[in-house]
Amino acid sequence: MRVLYERDGDVSIIRERVVAVVGYGSQGRAHAMNLRDSGVEVVIGLRPGPSFDAAMSDGFMPRSVQEAVSIADVAMLLTPDECMADVYAKAVRDYLRPGASVAFAHGFNVCYNQIPIGNGVGAFMAAPKAPGHMVRETYIAGWGTPHLVAAKPQCEHLRALAVSYAIANGGGAAGIIETTFVDETETDLFGEQAVLCGGLVELIRAGFDTLVSSGYEPELAYFECMHEMKLIVDVMNRGGVAALNESISNNAEYGEYVSGPRVIGAAVRSAMRRVLNDIRTGRYAKDFIMEGRSNSPTLTACRRAVGEHPIEAVGARLRSRMTCAHGT
């Protein structure tokens with residue numbers, strides 16, 4: 001797999017176009033500010049509200065989504081996945097200029113045919129592999145965020161446009177990898193659900209609950225199962241698992257080898273395959289889309305339960321007393 005850098009693309013391609021950023025959440029703000037700082041003309045498409053005010057505070061003059069799209073060569077859709085198809089149908093599709101392209105930072109709505117691409121409309125994806133605030137922070141720092149890019153239909157014009165956009169958004173410094181809408185979507189969802197969010201959060205809570213229910217102090221359980229997680233991940237992020245094992249004690253490393261597979265064993269791997277199958281068959285997407293159409297009852301209930309878990313109160317209390325938790 002080839003990794004592209006700034007020298008492998010032409011940032012002037014996107015600089016010659018007007019980009020409408022539709023949405024001004026975490027990703028929308030990062031894209032808009034990075035593109036502007038890279039010399040791209042950016043217009044913001046928003047409804048009145050807090051995001052509208054935030055964009056104005058950042059020096060933009062937001063317009064309605066329809067107006068922003070109608071004057072743009074590229075419409076980058078950065079609204080939440082669950083409402084993007086509705087925004088596209090009502091405020092984007094019929095307002096695109098001839099020859100304009102639709103862009104995405106995640107392939108969900110294209111992969112699952114919520115936004116059909118065709119009838120002369122080209123689409124590309126420039127997906128930074130980090131939350132929005134980190135996309136902005138790494139751009140400012142000069143090392144950027146890795147990007148995945150794709151085009152539909154697959155043609156050199158859209159490919160070059162996607163790479164150019166990724167460079168302007170900071171990807172040229174960190175690396176740009178070509179993929180497809182389907183592969184980006186399926187791997188992204190699996191990583192979030194099985195490892196980065198779903199798997200990791202459940203692992204932390206299970207460890208915390210095991211220690212507390214066995215009679216250990218909640219504060220000790222928090223330190224061992226949550227606080228130290230970042231320290232471990234930072235080492236792995238810099239040098240991989242081998243670097244981690246070089247930095248820990250022989251006792252910790254031996255425990256990794258003999259107990260890790262007991263926790264993450266055959267049953268977990270089988271569950272991961274079932275999660276991936278739900279993603280690949282579209283079952284998860286169908287459930288998520290219906291969740292959004294039903295006013296998100298599962299999300300609401302689960303968010304409430306997360307806030308009520310004992311680890312949250314313990315963590316908040318300890319973090320308020322630790323200068324290291326505040327970056328000082």
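Cβ coordinates come from backbone N, Cα and C, glycine included.
The annotation in Swiss-Prot ties TYR24, GLY25, SER26, GLN27, ARG47, SER51 to NADP(+), and of the candidates under consideration, GLY118, GLY120, GLY122, GLY132, the one tied to the same site is GLY132. Between the CA atoms of ASP188 (Mg(2+) 2 binding site) and HIS106 (active site) there is a gap of 9 Å. Cα of GLY132 (NADP(+) binding site) to Cα of HIS106 (active site): a span of 13 Å. Local packing around the binding-site residues SER51, SER249 was summarised as the count of other Cβ atoms within 10 Å of each Cβ; on this measure the leading residue is SER51. Under the three-state DSSP scheme, TYR24 (NADP(+) binding site) falls in the coil class.
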